[in-house]
Amino acid sequence: MEFAGYKFLHNLVLGCFVHLLSDSLILSSSQTMTKSWTFNIPDSSFISFSPVYVQEQDQQISLDFKTSNPNGVLFCHLLKDSQHLNYQMCAELKNGVLKLLYSITIFREEITIGKALHDQEWHSLLVSLAAASGELTLTLDGDSRSETLQAYTRQNFNSILAWDSQKSIIYFGGLNSNVTASVRKPHFLGCMRNLKYKQSDGTLVDIPVETIDAVLDNCYDLCSDKNPCHHDGRCVNKYSEATCDCFGTDYEGKLCQTFGSTIVTLRGYEWLTYMLHQKTDQILTSRGRFSLEFKTKRGSGVLLYAAGGTPYHSHVTASIHGGIVTVSIAIGNEDIEVQAGIGVDDYRWHNLTIIHEKRLIYVYLDGREKSRSFTRENYHLGLDPKVYIGGGDNFVVTRGLQVTNNFVGCLKNVYINDVSVLYALSDKDRRAQYHGGRAGTPHYTCEEVINIPISFPEANAMLLLDSDLETRYTLDVEFDFRTVRYDAILFYAELLDRDIINGNDYGYVEVWVYQGRPMLLFVPSTKKSDKNENLTIPCYVNNNDWHSLQVTFKYREASLKVDGMTVATSQYHRNLEIFGKIVIGSSLRSNRFKALTAEGFVGCIRGLVVQKQAQDPLDMMESEGVNGLKLDGCHIVNYCEGNDMCEHGGRCLSDWNGVTCDCTNTAYTGKACHFPKYRQSCEDYFLAGVDQSGVRLIDLDGSGPIKPTYVECIMGYEYNEEKYGRTVVTHNLEPNTTVRGYMLQDMRKVIEYRGMDREQLVKLTQISGWCEQYLQYDCKKAPIRLGTLTWFKAANGEIVEYLGTSDKHGGHCICSLSDTCPSQKCNCDADNDKWQRDDGYNRINRQLPLTEMTIKQNPNPLEPGRAFFTLGPLYCWGKRNERAEHAVTFKSEKGYLLSHPWRSDSLRIGFKTHNQHATLLYHMGTKDNPNYFIVTITSANKVVFFFSWGKEQLEIEILMKTLVSDGNWHLIIMDYDQYNIRCIVDMHEEVANIPEGVDKVLDFDGALYIGGINSEVTSTENNRMASGLVGCMRGLVYNGVETPLNRLIDSSTHDVTPQCMTSCWPNPCKNGAECVEKWGSHQCICVNKWAHYGEDCEIDINVDAVTFTGAEASYLLFKEPPSLNLLDSSIIFSFRTFQQNTLLLYLHDNLNNFVQVELTDEGNGSYIVVKFNRFNNIIKLAKPTSGLGDGQWHQVAIVNTDGYFKLFVDTDKVFNGSSYQKQKLTKYTDKPFPATDENVIPKRPANQPEDLIHIYVGGVGPNMTNLPPLYGCIRGLKIGDTLFEMQKAAEKYKALSAACDNGCSPNPCLNKGICMDLWQNKKYKCNCSLIAFAGERCHLEASGHFAGESIVQYKFSPPPLFVAVMEKLDLVFKVESTATHMMILTFIYSERHSTHDFIVVYLDPRSGVYVQVNQGYAIHGVGKPGNFADGKPHHLLYRHSGNEMVLSLDEEGIGRVTVPNSGLDELDTILVGGIPQAVIQNIPDAMAYAKYANFTGCISDFSFYLVWNVQKEPIQLQPLKDLRTSGATEFIEVFGPQLGECSTRPITTDVIQTTSMFKVPSTDSPTLTMPPWKPGPAQTIYIGPSPKIPEQDQKTMTTNLTPTSEKDVAFPAMTQGSADIMIIIVALTVVGILILLSLLVALLLCKIRRRQKKYAVRKFSEDYDVKQPLNDTITGPDRFNNHLATLDEFSMISATIGPRRHNETSTFKPEEGDKPVAYTGVPKSDDTGYVAQVFYNRRKNRPASSISEVLEEMDRQRQAKESGVDNTSESPMYEVLQGSNDTDREWAPQRDRTPLTCDFIYTIMPPSIPESQEEEDIYTDPNWDIYAEPNKTDKLALKQGQDEEGEGDIEHPDHHSINSLLDNHPGMEYNGDSGYEAESKQDVDEEDEDNITKNIPNMSDSNLLNGFSEETSPSSPNSKDFAPQSGKTTPSDIVPRLKTHDIMKFREDEDGPVFIVQSRAPVIPTRDYSSGEFT
């Protein structure tokens, strides 16, 4: 509706205007004669004149003014000549307040008065200054304020302001343009009148105007003549112009000429702002108007917000809340709130107007007025310049604003004061601005806001929705989306599978835009990856268009619908539920397959519907689930289109801020993926502090196109006394590659380098300081002839014709440089018939590495010469542009260097220093270009980079993990692109964005200061500068080139010298002194200021050490003259001892003055006590110090400071004790001190002795003291300046040792023995009391080996009548498994007591260990069953205490019994190893053990503990240890032989520790490995024709002349003439091959024909087991179709399938006995056993060697059987040999892929296996054969033959001799071929074959099932005899255990049971003893 109160407001304004007009007319009429002016030209209008003042004249200026402008000069009094004196007195309006500024010289004072003086009303001003007092008074509209100027009270300015000579000028309204800029002020716009000033006579007169510029006479109103505004618009006089206020009309425009109003629609994310004024300060106002019309459907939203905070809080707000308009106005602490209207969210127009008129507030809503007033004195609003309309950016609830939502709806007629804001916005007035919409243009119409899009501006933005019971099992989410991202996640929900039994499982469902297409990712279980589903819809949705999306989930499945196309997952087998948060635009998975920064959704969604419920975007934006979202209209721009910002393969990602580059899969970083992550070389890593050798990634060209590569780095490589990081690159040319030889062709070798192509290799050598590569040529009659027969090519294409020299010596080897070559150039050029070598390193970088070598052969290819070539890896180190010789030293903080400006490329420089504050670099600015940067060290571990580009500044701090002030080299790098600056210190880096206002980074024009600055340089950045660097700098590289720092030194340079003068490397200081680097000199700070001295602390007084043995004569005595004044001097010495009380030092003179130093343990601690006399009183200084008797060195310093003694011990650096002054006795007396005070009394004769000072060291003479002498060492005795040579003096004393070397370092005592240092010449003593070892070095184990004949007796003497209340026995024993008798371990008894109580421990090898205790009246026992006679050590622990006996063996299974609580009486003897007969006879109860054997085995660690009733502490008795201890055997006696040494400890193997070639890292660095590399050998390219054979040599040539084949060989085309010889060779070879093949085919055809005539073809069903492939894993119906054998089935045929023919030289014979015995040469296996087998080829009289022979022989047998021929009399021989107890094993073809050797049938029996033979004998010994003795009447016997060939016969009464059978076939021989017909001997004709068949022994298959005796059964592998057993057995009973790869098959054949074995092992033929026949 229209504003109903419009006419009222119009009339009100009109009435006010008429009233003001009448007032002005009346005023003007009353002041008709007053002169006035109008200042109406901005920055130009002013009036001025020059006043006439006299000395000490008072000043007074008055005027009246009115204006609407809050800022402007009223008047300003200045001196015309201001160069010599700074003076001004100016009055101006500033933000509506009058401010008077008075300034003279350094004094500046301000006085303010008034508020809101720009209210278009007249104000009067009077300024008075009393010259005498300096009192300044301001009077404004009758209100006065006075202040006394400090300038006048502190100094007499009357004399300074000499008005008689000073000329001044007063300006009104503004200043002339030629006035100094420092005092310029804004001009006044408005009217002035009554301009007056006080003359010298004191009268106030009108100013005499001298200059007037752009000022109108009279106060002119631009609106008074004619109203320029149309349609009743109100004219507003701005003095410089007239504007129109169109409020209340239906028009707008500058002149209210346009009908209608500008309308805008705000959609919740948009708002408007209006600037009240351009100043940032608040301007107080007393009047104001805010008005707008609105239309909305939403019940809440901000309409208007204006606030201010100074000088007090002010605000004006208007908002809608619940359909009600709320207006709030506050001034200071007073708030006015007005509510108006109901249901204003009815989508109708409503008018709201707020008027502020001083104290009154009027609020009009749709014409209805509500007024309020301020009650307090203050009514001025102080608002910030910016007023918000329709909302703002992230408003929060604050004072006066309870609604934070932006307004959603339409606005029109928005007025602030007289300005139409919407018209100003449409007219591009800068005061009005539109915000929120990314399009930047408001919607100039009124439309209903229906669907507000939500923007996801960045990849980490997301919207979180809560899941609840409604969404637990079913979820439906719909929304529209827009994006330009190629990959982005749209939706995520977590799934839960509740499983009480197996535990909960989790999954998730996600919707992605993947590769531009929508994808549904369904993961129901993270444990079952096979259930995952990825479903993609075939449409592209990253085209910046809106697309609809619906994702649903229901119990077990999910579906996705995009733009009408749907995909759905299969149903999961269990119900799932939604769990946790539902996320839109991101994912909560921590292990997403893409990085969230690259894959988060960037785009917009709208129309979000969850569970069919529409979600309000504005409400969602207020929820907690919003993270980084915006409401901005979704104006997506694909910034990646046509944008090539991302470098090095970085992926362009577009978001709201432009382009983001995803550098994840690149080797670069930064906004544009510009900066390399890796260093250029190993040297760069080393310079950055990495000292760990290993594999590194390097980027050879930094930000260039070359890709990073892996290299091996060797850190700390020393070269020319400097250390470097060395890069190693290997290649594929194998060492000792044959390059010249018999019939070789000219060739070229092409070499590949690991991980590097030629471009990378060239770059590496270009940037490296040094490179080298080793070359080695070994030759024999093969000249190298560099340049003619041999040359190389480098990676850059240069030809290299030298070896180890340089390009200046082409064709030469290194031997030519020393004239040692046999020829002129190289060793190999001598062409000698002996091996020669030329080798060396090539070291010219540009000609490295070698990538090709060309070899030309000898023209005669049959020459016997040969040559091998070896090429080493490429090694590179250092930096070409960072030479060490270019370094400089800054010797003081005043030193610096100057260089030219930084214009391009990166900047890098190295430094080392000990400074914690220093300027490293300073690029100063100039007058025309003040830009600068500075790099400083601000602390020990922080470097700061500061850049300044005018107003833009950037500071980068790098905090190091290590110190930069440690004196080591550190590297600084500064790099940049158009987006970032990267600063690096060592391995630490920071990348910062360049400020937006910086167009050019390297915009620096001044000089570059290095290492410091000139002290005369002054600038605004002085507060950032530090003192200059004291240290070294090197390697300055910038502008693309190196700048050698040493070349910057000139005559004007001070304290800077060439080279890095590091004086502390290597450390010149000795004795551990600290070296302080002075950079050119050094200072050594001695660790021990008393013991070390000299310039380099090289003198160590502690080297003079003496050992005192503690004997009575063990001391040193020095006599010195009194002139040395030793008693008053400082005393320094060190001592070491294990004593707690001893005398260390004693000095006295002839008058009994003395100084005494002793060690004592007074009280509870150790003390160093110093005693001396003060006249006849004895003073004692005591210093408590712990551990003085610990055997370590301790230093004592008694320092005389100004006559006072101070005591320092060890590391004391600050004295914290008492000091006393020493006063000497001057007269002699023989009793100078009280006797009780002295504990050292020298001899004192009656008369005064000789005038000498006596110095006793380590003790004193006889009868002088009761203090013990020193048993220890003293070193470094210095008194005053006298250093006593103790070692020299000790040579005269036998009780002293002139050395004190530590004998316990390293510890010589073994087995954790304690070393007691006896010092002297490394003497020591081992204390073995706490361990179970003895001997001088604790090397003898406390053990004894008992051989069953020895007994150890140990006697001890307990107190009389003692009773043991606790006994404990601890020992270790070891008994071999051969023991069978019970043995005594120990017998402990009482010999002297009548009851002879005892303890006995014995071992029963078959049952266990037992302990019995005899207490006289009863015997008790406890045992531990088990097999302890097993050759292993066992720990026995027995304890008897109270009523309990406990026994444990090996700390397992405790045996415990309860006994009466009574002890054993007076135990006094321990027997170890047995009981002597004498003891048994004396102790009746010991007779029970008379038959027990003495112990046989080892006993160690024997300890017996006793506690008896008369003492509490246990005693420990160790008989065996005391036996081994020298001097401890007085109570020990050994009966029988002495015990040998033994050990029960496990044998340990010394671990050899190797040291890695790499150093332990001192800096954090990743561990890398070289990627796989399999290039194959270096490529060989043959050059020219093949070698020709000279004609004279062709006739004798018999060798194949085909060249050796090589990989990757490229053969060039050959001419006709050059190919003749090859054609001949190839032709001859082909003909020979064809003839050979023809012969083989003919033989094969003949053999096939004979086989077809003699044998019938077998049926498939009968020979399946033979034809089946040996590794057959095919199952099902297809297995019978697999008839073809593969190659590997015939590759494992053994060469030893059967034994060789025996001869009569065999020495093995059967043992005589009743049981059958089998002998064999096969040794018994300790392993799992094997199966030996033989299949004989009778036709060839040898074992079968191929599958074809096996098949042929089996066909032969089958045919003979079918023909009725007895084939058992001479059947093939088989045998199974059992070698272990392992159980039968089943064959699994699917697991066993190993080819088998044969498949055959045989019978089984276990043989006897002699243990003395090796397993291999069966394969090699031709004399071995099998013998068996089935019974007494039927035996096999071996007799010696007579022939030389060793043939013999086997005698048997019923059968033919096997040897006879074998003798009939002399062609039997081993054939190792595994082919079908790989025979090597003549075949046997058919007659022989028939003869063999007839002679096969007869055999009945039914005998197979006869069994064996128990001892000879397969389960008894150790059985030597076995006999037949009646009854029938199963196959499992008779089949021996097979090896893992053996297969046993069993089936019932028509003739009986059949066994089939498939095995690799050979089988031995044996005899069936049930029938007596071979099987």
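Quick reminder: no glycine exception, Cβ is built from N, Cα and C everywhere.
Cross-referencing 1591-1612, 1701-1722, 1767-1788 with TrEMBL places the feature region 'Disordered' at 1701-1722.
Of the listed cysteines Cys1273, Cys1326, Cys1328, TrEMBL assigns the disulfide bond with Cys1309 to Cys1326. TrEMBL lists a disulfide bond between Cys1300 and one candidate from Cys1273, Cys1328, Cys1338; that candidate is Cys1273.
Below 8 angstroms of C-beta separation, residues 889-891, 912, 914, 967, 1030-1032, 1132, 1134, 1195, 1197, 1276, 1278 of the same chain, each at least six residues beyond the ends of the domain 'EGF-like' (1061-1098), sit close to that stretch. Other Cβ atoms within 10 Å of the Cβ of Cys1273 (disulfide bond), summed over all protein chains shown, number 25. Using a 10 Å radius centred on the Cβ of Cys1300 (disulfide bond) and all shown protein chains, the other Cβ atoms total 26. Ranked by Cβ pairs under 8 Å to the domain 'Laminin G' (36-219), the stretches 261-446, 886-1060, 1105-1300, 1301-1339, 1343-1542 are led by 261-446. Separation of the C-alpha atoms of Cys1309 (disulfide bond) and Cys1300 (disulfide bond): 19 Å, rounded to the nearest whole number.
For the domain 'EGF-like' (636-674), the partner stretch with the most Cβ pairs below 8 Å, chosen from 261-446, 886-1060, 1105-1300, is 886-1060.
For the domain 'EGF-like' (220-257), the DSSP-based tally of helix, strand and coil residues reads 0 helix, 10 strand, 28 coil.
Sequence-distant neighbours of Cys1326 (disulfide bond) (same chain, 6+ apart, CB under 8 A from its CB) are Pro1308, Cys1309, Gly1313, Ile1314, Cys1315, Met1316, Gly1335, Glu1336, Arg1337, Cys1338.
Restricting the average to the domain 'Laminin G' (1343-1542) gives a pLDDT of 89.
Break the domain 'EGF-like' (636-674) down by DSSP state and the numbers are 0 helix, 12 strand, 27 coil.
Within 10 Å of the C-beta of Cys1309 (disulfide bond) we count 23 further C-beta atoms, all protein chains included.
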